[in-house]
Amino acid sequence: MRILWIVAVCLIGVEGNLFQFAKMINGKLGAFSVWNYISYGCYCGWGGQGTPKDATDRCCFVHDCCYGRVRGCNPKLAIYSYSFKKGNIVCGKNNGCLRDICECDRVAANCFHQNKNTYNKNYRFLSSSRCRQTSEQC
C-alpha cells in the first residue's frame, strides 16, 4: 500500500496537493527530505494503523487525522496557494477546504522540522506487522 503513495506522487507530476506537501517538507528540511517520510513508522505513507512509533510518526498520525476532517474536496489532489516567507510556510488566500488542506500540510511540515531529532532510521520501511496494535482515535 505504501508503494501506492510513491506512485501517486510520481503520477501527479508538478501539480496536486501531495506534490505541494512534498515541497513544503523539502523547504523546511532540505532538498529530497520528503523521501525520508514516504514510508516511515506506522503512519507516514499510505494508510496507517497502530500506535505511532515516535514524535515523527505522530506528525503523520496527526496529519492523517487532519485530512480526515477536511470536507468539500480531496485533500490529496486539491491545489492550494502557499509560499515561504523567511523560512516559514504561509498559506495563501485559500477558501474552505483548500485553506484546511494547506493548514494540515503546513502543520505537518513544521512538525517534522520540530521533531527531526526523533527521526529513527530503524522505522523506515517498517513492517506493517509492527503496527498491529489498536489504532488511536483522532
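Cβ atoms are placed via backbone N, Cα and C, with glycine included.
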Recorded disulfide counterpart of C73 (Swiss-Prot; options C44, C91, C97, C102): C97
Identity of the Ca(2+)-site residue among D64, D100 (reference: Y43, G45, G47, source: Swiss-Prot): D64
Per Swiss-Prot, cysteine bonded by disulfide to C111 (from C44, C59, C60): C59
Among C42, C60, cysteine joined to C44 by disulfide in Swiss-Prot: C60
Cα distance (Å, whole number) from C111 (disulfide bond) to H63 (active site): 10
Those recorded positions, out of C42, Y43, G47, C65, C97, that come within 10 angstroms of D105 (active site) at the Cα: none
Rounded inter-Cα distance in Å - C131 (disulfide bond), G47 (Ca(2+) binding site): 11
By Cα-Cα distance, the member of recorded positions D64, C97, C111, C138 nearest C44 (disulfide bond): D64
Other C-beta atoms that fall within 10 angstroms of the C-beta of C59 (disulfide bond): 26
